[in-house]
């Protein structure tokens with residue numbers, strides 16, 4: 001194999017693989033170029049969903065995660081999956097932030113409090129993460145462990161919380177550690193819109209023991225449903241009492257608090273309420289600003305009573321870069337993405353897309369880095385201003401292709417990456433004739449660009465980051481299917497025969513995933529993959 005130049009990565013966003021049928025926008029389309037390359041060039045199918053891209057098992061892929069994995073050259077586990085996988089491996093129970101919290105609560109002889117959303121909504125928290133913490137407390141002999149349960153009803157059914165609470169009570173009974181000390185809906189505890197009076201109600205229950213009372217959390221929820229049939233999200237603060245009617249331990253001086261939500265946005269305010277020393281000043285300034293803008297203020301402005309002193313606070317993930325608290329699962333930084341390896345080798349690169357997918361070929365592909373690397377040029381075409389893209393399924397693909405063709409013909413770039421957004425963005429409309437046009441547009445654009453790459457002695461890798469356009473009919477309802485899919489995606493290598501990258505000379509390994517693309521591209525460029533890249537090249541010599 002000789003080194004091709006340039007190497008093009010063309011991402012056909014949302015172009016998945018599925019059997020032909022009336023709902024398959026890809027197979028319904030007239031795509032002579034892609035069909036020809038599929039029939040004559042090295043091809044394989046890639047996994048682009050679930051654990052293969054760092055998402056929970058069975059979860060559909062998406063463009064952000066897809067491009068992140070493509071550029072990182074490794075499976076980038078999302079926070080929720082990192083935590084879940086660490087429970088399976090046992091690393092969870094050796095987490096330094098958790099063990100430090102255990103040590104502190106033992107040394108002080110105080111109480112452990114676990115706060116967060118319960119249930120299996122999976123958007124902000126997972127029940128297995130709370131169960132893992134309870135198991136850890138049992139292992140470490142932290143018997144004085146209290147749970148402040150935020151109820152969902154938004155990412156779960158409105159009155160599903162009763163069942164989830166029964167499951168939690170069963171888990172507590174099996175593990176032998178933990179008591180639910182308070183129950184409150186996420187409407188209050190997880191406000192993110194500076195409605196401090198809502199957060200104040202959660203604070204009052206957890207810290208002051210103020211709210212409705214119930215002898216157990218099941219009764220608390222049943223009583224709440226009678227007060228407000230809207231369900232879990234709107235459960236007013238309820239304090240759980242012991243057999244003598246005394247509230248279970250509140251969050252008090254010297255206690256340890258672990259917030260087990262993995263998603264940050266809806267637990268920043270409750271974290272500030274518990275921990276920020278100048279909270280009241282901040283709240284007053286915010287409301288003053290609201291008043292200056294002529295906005296309506298609440299009847300009473302919540303102000304925190306005296307702050308609980310000497311709390312030790314642990315966040316499950318990084319909730320805010322300015323928070324000085326212990327983090328159990330800090331951000332995973334991608335230090336050597338594909339673009340950096342190429343830049344460090346002194347090579348030139350070109351990243352291109354239209355507006356809808358421009359962040360994906362820049363920020364996400366480059367490992368969540370905003371600034372371009374040395375020798376990296378970025379070119380964007382504006383997406384059309386239409387209400388929905390079925391009205392203009394061609395989008396701005398022709399402009400993207402024209403700019404890309406100019407870049408190829410300039411012969412100054414070693415590596416080029418382009419995203420054609422059409423199959424995904426039009427796929428989200430569920431309008432099959434428009435999706436067909438979208439796929440045909442991408443095929444036509446590739447038919448202009450790929451031959452130019454090959455003519456220069458180069459190679460093009462055609463892939464998708466996830467599926468979408470190949471499933472436009474919901475198999476359950478028969479109605480439109482507008483979401484991404486878990487289907488495999490294509491990977492086609494089209495190259496100048498002189499490079500030795502033909503179907504007769506090489507094959508593309510089966511069973512690959514998006515994380516294998518960066519090592520494959522570096523293999524084509526004759527560069528060593530970064531040490532952190534755990535993906536492997538798809539190219540196999542016959």
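Positions of Cβ are set from backbone N, Cα and C atoms, glycine also.
Listed features, source Swiss-Prot:
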- 13, 63, 465, 466: Mn(2+) 2 binding site (BINDING)
- 63: active site, phosphoserine intermediate (ACT_SITE)
- 124, 154, 155, 186, 192, 263, 264, 265, 266, 357: substrate binding site (BINDING)
- 424, 428, 484: Mn(2+) 1 binding site (BINDING)
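For the binding-site residues shown (192, 466, 484), fewest C-beta neighbours within 10 angstroms: 192. When the binding-site residues 124, 264, 266, 428 are compared by Cα distance to residue 63 (Mn(2+) 2 binding site), the shortest distance belongs to 428. The binding-site residues under consideration are 124, 428. Their Cβ neighbour counts within 10 Å are lowest for 428. Separating the Cα atoms of residue 124 (substrate binding site) and residue 484 (Mn(2+) 1 binding site) is a whole-number distance of 21 Å.
DSSP classifies residue 266 (substrate binding site) as coil under the three-state reduction. Separating the Cα atoms of residue 266 (substrate binding site) and residue 484 (Mn(2+) 1 binding site) is a whole-number distance of 26 Å. Here residue 13 (Mn(2+) 2 binding site) is positioned 5 angstrom away from residue 424 (Mn(2+) 1 binding site), judged by their C-alpha atoms. Its Cβ taken as reference, residue 63 (Mn(2+) 2 binding site) is surrounded by 25 other Cβ atoms within 10 Å in the chains shown. The number of other Cβ atoms within 10 Å of the Cβ belonging to residue 155 (substrate binding site), over all protein chains shown, comes to 16. Residue pair residue 465 (Mn(2+) 2 binding site) / residue 484 (Mn(2+) 1 binding site) shows a Cα separation of 10 Å.
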